[in-house]
Amino acid sequence: MKIFIIISLILTILIIQSKSKECPCSNVELCKPLEIGPRKEFIGFSVNSTFYPYYNWDHLTTIGIFYSEDIEDELLCMAKTNGVRLVYSAFYPVEQLSNETYIDQWINEKLELVQNTFTDGLNFDVEYPITDPIVAQQYTQLVAATNNAFKSVNLYYQISVDVAWDASNCIDYRCYDYLGLSKASDFLVVMDYDMKLDGYYFKTCLASANSPPSSVLSGMVNFTKLGIDESSLVMGLPWYGYNYPCIGSNYTLQTFECIIPPSSYLGYNCTDASGIEINYSIIMNMLNDTAIQNGGVQWDSESESPYFNFIDLFSGTQHQMWFDNPDSLTIKVNIARTMNLRGVGVWNIDQLWDDHSLSSGMWGALNSFFKIN
């Protein structure tokens, strides 16, 4: 989830008129909060208000709204018909965590928004560095207060929290109270992507996988070591990749190592900031574009992830694309199934367009979480 999207969303939400509109569905029962208890989850994060006709509804349970436009009436009715919750992303300014007046107003505004738009809850997406244990506790208290306020109105409202991929090492300086957050909410969505953070002293940076299964597994295990129940953990996975420029000229389209420019982030030298995020549909179109020279999709057995080299049309230089496909996603979904996690999720479900041949495998990989042994 990207901060610039969240900031835009919160500014828009705060100016939404408080007047409730009439139910747009032919069946007015669909405008009531979904009365569905705890279940296995497939949460899809949406950044586009118009792509919902392309969704696969077979196992989708929750859609996280990360755009500023109003929710389409058709989407609302379609989601509720399929038993899918709609929840708003919720960004909260860390500097206001000790301001009780601000907190009360914020919670009331969010509750009013959800009630007036016939939706089903909030997804907290606070990704700021927090290293002070007192501030971390204040964040937990905010989530708990929000959850209590929502549940006092309707027990079926859903409150979830997005967290970094590993709870043990203060990833991105997010030293949150993860156990407390898991108890204060319905579940945590572990963002198992953007994992490329290589050491402080690396002299040579190499392109690499966005979401290696070994790191996904170790991160999840570390959450459980804190005492967090597996039923409170949802594995969030990427439907996108990173396009990295390769420095130098001694490359072929079959070269494995791609040296990339250093890109400092929170003290790390080698991060995915050296690349450009590319959605899955565009990646597939690039592979099928005869004007783009590429070496074909390769498989890195160590990171269990696909990649390919190509010649950039604009610069004429070699690039390397690391991404996820149905094969790599299935490996991680199997980890979620084996660990008996609460569910899986995707950032974001608007990465696939109307080409069924491209999208069916990606949806199928996530839907495999629900298969019966």
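Backbone N, Cα and C define each Cβ position, glycine as well.
Per Swiss-Prot, the feature active site, proton donor maps to Glu127; the stated evidence is sequence analysis. Annotation comment: Swiss-Prot describes Pro53, Tyr54, Asn82, Gly83, Val84, Arg85, Tyr128, Met191, Asp192, Tyr193, Asp194, Trp347 as chitin binding site. Residues or ranges marked as domain 'GH18' in Swiss-Prot (evidence: sequence analysis): 21-369. Residues or ranges marked as N-linked glycosylation site in Swiss-Prot: Asn48, Asn99, Asn222, Asn250, Asn269, Asn279, Asn288. According to Swiss-Prot, the feature signal peptide maps to 1-20, an assignment based on sequence analysis.
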Sparsest-packed of the listed glycosylation sites (Asn48, Asn99, Asn288) - C-beta count within 10 angstroms: Asn288
Which of Asn82, Asn222, Asn250, Asn269, Asn279, all recorded positions, has a Cβ with the fewest other Cβ atoms inside 10 Å: Asn250
Long-range Cβ environment of Asp194 (chitin binding site), under 8 Å and at least 6 residues apart: Asn210, Pro238, Asp272
Candidate with the highest Cβ count within 10 Å, taken from the recorded positions Glu127, Asp192: Asp192
Asn48 (N-linked glycosylation site) - helix vs strand vs coil (DSSP): coil
Spatial separation of Glu127 (active site, proton donor) from Pro53 (chitin binding site) - C-alpha basis, Å: 30
Mean of pLDDT values spanning the domain 'GH18' (21-369): 94
Separation of alpha carbons, Val84 (chitin binding site) and Asn48 (N-linked glycosylation site) (Å): 17
